[in-house]
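Enquirer: Heads up, here are the entries from Swiss-Prot:
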BINDING   G490, Q491, S492, G493, G494, G495, K496, T497  ATP binding site
DOMAIN    133-420  domain 'ABC transmembrane type-1'
DOMAIN    455-692  domain 'ABC transporter'
REGION    697-718  region 'Disordered'
TRANSIT   1-25  transit peptide
TRANSMEM  128-148  transmembrane segment
TRANSMEM  179-199  transmembrane segment
TRANSMEM  279-299  transmembrane segment
Amino acid sequence: MLVHLFRVGIRGGPFPGRLLPPLRFQTFSAVRYSDGYRSSSLFWAVAHLRSQLWAHLPRAPLAPRWSPSAWCWVGGALLGPMVLSKHPHLCLVALCEAEEATPASSTPHVVGSRFNWKLFWQFLRPHLLVLGVAVVLALGAALVNVQIPLLLGQLVEIVAKYTRDHVGSFMTESQNLSTHLLILYGVQGLLTFGYLVLLSHVGERMAVDMRRALFSSLLRQDIAFFDANKTGQLVSRLTTDVQEFKSSFKLVISQGLRSCTQVAGCLVSLSMLSTRLTLLLMLATPALMGVGTLMGSGLRKLSRQCQEQIARAMGVADEALGNVRTVRAFAMEQREEERYGAELEACRCRAEELGRGIALSQGLSNIAFNCMVLGTLFIGGSLVAGQQLTGGDLMSFLVASQTVQRSMANLSVLFGQVVRGLSAGARVFEYMALNPCIPLSGGCCVPKEQLRGSVTFQNVCFSYPCRPGFEVLKDFTLTLPPGKIVALVGQSGGGKTTVASLLERFYDPTAGVVMLDGRDLRTLDPSWLRGQVVGFISQEPVLFGTTIMENIRFGKLEASDEEVYAAAREANAHEFITSFPEGYNTIVGERGTTLSGGQKQRLAIARALIKQPTVLILDEATSALDAESERVVQEALDRASAGRTVLVIAHRLSTVRGAHRIVVMADGRVWEAGTHEELLKKGGLYAELIRRQALDAPRTAAPLPKKPEGPRNHQHKS
């Protein structure tokens, strides 16, 4: 019965559009379970475990029998039913691959939170040698610890053998045994030190590799992915979840493997000392297995909910701290504190509920173990009285059973950490396994000298993935001639910024095609398109908290200092940059908060121009500036637009009068198009927008304050 094991079959790998596969339970022996198999209480418990897990997992066709990703061995001869009775979730480690979660609606490639053993193996494989040494040392420390109860029993026999009158004989006979014990204690300490150091080495390196891979995966996701997920939740995956998984991984080896080995070894020793007492201890196994399985299922669900709530709280904090100036401007500190407090309160409730469950599990196990010790003393004392067991053997049995109890207690503490770690690891691997719809690279590149810059939108329809039922663009058709300026105007919500997003291929149209020089954008390399062809300048440019030099060079990493200076001059930025004490090495602060709006905008223009784009997108580039800053920035934009295909998005119609073509958008379509004069003569929507802005201008313009008059000199008549 000690070598009776579970083998859990899971088919690995995501299958879009399919349910996750079921489990198959087999024994290490030739016995195979069927639904009606009930030959013993242990087999009944195994079948009950199977039914419980089957109810919580989805189903699909079975995997090939010997597929390397299909079978995960949990246990060996060292993991008998006694171990699984206390720590059934060591079996469930393999089951978390089939854990079902709700997929994100806006990311079609998400298949749910499931532990990806294939990815885990990729991170573990480079460290297998070091990990193998750590495992050997941990097993050695555990086996040394198994020998100690037997030697203590022999020492007790020597103590009982001699009286006070034979102290010399006692010291002589116990010297070798005591020396042996001291050596074992020293070896155990050295082995423990060795495997803990090696585990720390493996765990930290794996954590770094996982964070790097997760960050790389997140950066490669579609813009739609970030539309649907908060930044704080993603940062939580990089920090909290990876840390949780790393801790669980190290604990499974340092405590789990060692404790399981000690339990198995001590059980073998116990059976050699007294088969009757050992069998009595094994009677509690099936009941503990069933209770542990039921409680583990509920605790796993609570752990997942707790982690999701923590991620939501972090999202609220990240949003408030990232927009602290807006919060301060509206005096909304109290409201943000209340929002964050509400999320923390929900976290507390979930965590306390999880803690109560873990405490209940540990409390019940302690009661069971204490009853087992009491029963051992009672029955063992009877055997000693009947001369069926010596006092030394009973002492060895008690110490060995205490070792089992202590190991089980460690597993009980480890239980909650493993549950949390597996949930965290499943979520980390879930994001690593995501495949973006629009890859970062792949496709053809057009030589720079062959690019003309002609852009065509042909019968384009588009809905944002997070709002699939709302169509933003409807049969939209537009051509941007090479070297010309085309302006998009219209009321808010008409789809102007969406056109720019499609041109940068942040999204793909749901219908129709976007072409560059007659080539479908979907056939071109996205990184080449964004990195060398299209330059983008938005209304509120985002700068990084580094130097001005590095912010401009962000548009072209290999650019020389002279290229940076030239781009700054072209953007009318060189003069104000050199006025700073540190010049181009000036730190701009987080998101460029130390610069004015006009200064940030000119740096953004320089960043876009340094890569010499063929197509330039100006999305409300001057709408947030004052008159003087707008004049300086507009001069830079006029120089930047020369010889390039330019798409201008504007609300202030006065800024687009010089465009070669003005396109008025309404309801996701081209309403009318022409030059400024042509559209005014037509008297359509554009003329109406001009008239409205002319009427609104006097009301929105703030009158200049009058210059205060100085004191008058009054002449008094005499």
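The backbone N, Cα and C atoms fix where each Cβ goes, glycine too.
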Enquirer: By Cβ count within 10 Å, point out the most packed of the binding-site residues listed: Q491, T497.
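Expert: For the binding-site residues Q491, T497, the Cβ with the most other Cβ atoms within 10 Å is T497.
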Enquirer: What else in the chain is close to the transmembrane segment (179-199), if you only count residues 6 or more beyond its ends and a Cβ gap under 8 Å?
Expert: 130-131, 133-135, 137-138, 140-141, 144-145, 147-148, 151-152, 155, 250, 253-254
Enquirer: Could you find out if DSSP has G495 (ATP binding site) as helix, strand or coil?
Expert: coil
Enquirer: If you count CB neighbours within 10 Å, which one among the binding-site residues G493, G495 has the smallest count?
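Expert: Selected from the binding-site residues G493, G495 on minimum Cβ neighbours within 10 Å: G493.
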Enquirer: Count the other Cβ atoms sitting within 10 Å of the Cβ of G494 (ATP binding site), across every protein chain shown.
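Expert: Here the count is 20.
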Enquirer: Among the binding-site residues G490, S492, K496, which residue has its Cβ surrounded by the fewest other Cβ atoms within 10 Å?
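Expert: So among G490, S492, K496, the binding-site residues given, the one with the fewest Cβ atoms within 10 Å is S492.
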Enquirer: What are the other residues, in sequence order, whose C-beta lies within 8 angstroms of the center of the C-beta atoms of G490, Q491, S492, G493, G494, G495, K496, T497 at the ATP site?
Expert: M665
Enquirer: Per-residue pLDDT averaged over the domain 'ABC transporter' (455-692) comes to what?
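Expert: A mean pLDDT of 87 is what the predicted model shows over the domain 'ABC transporter' (455-692).
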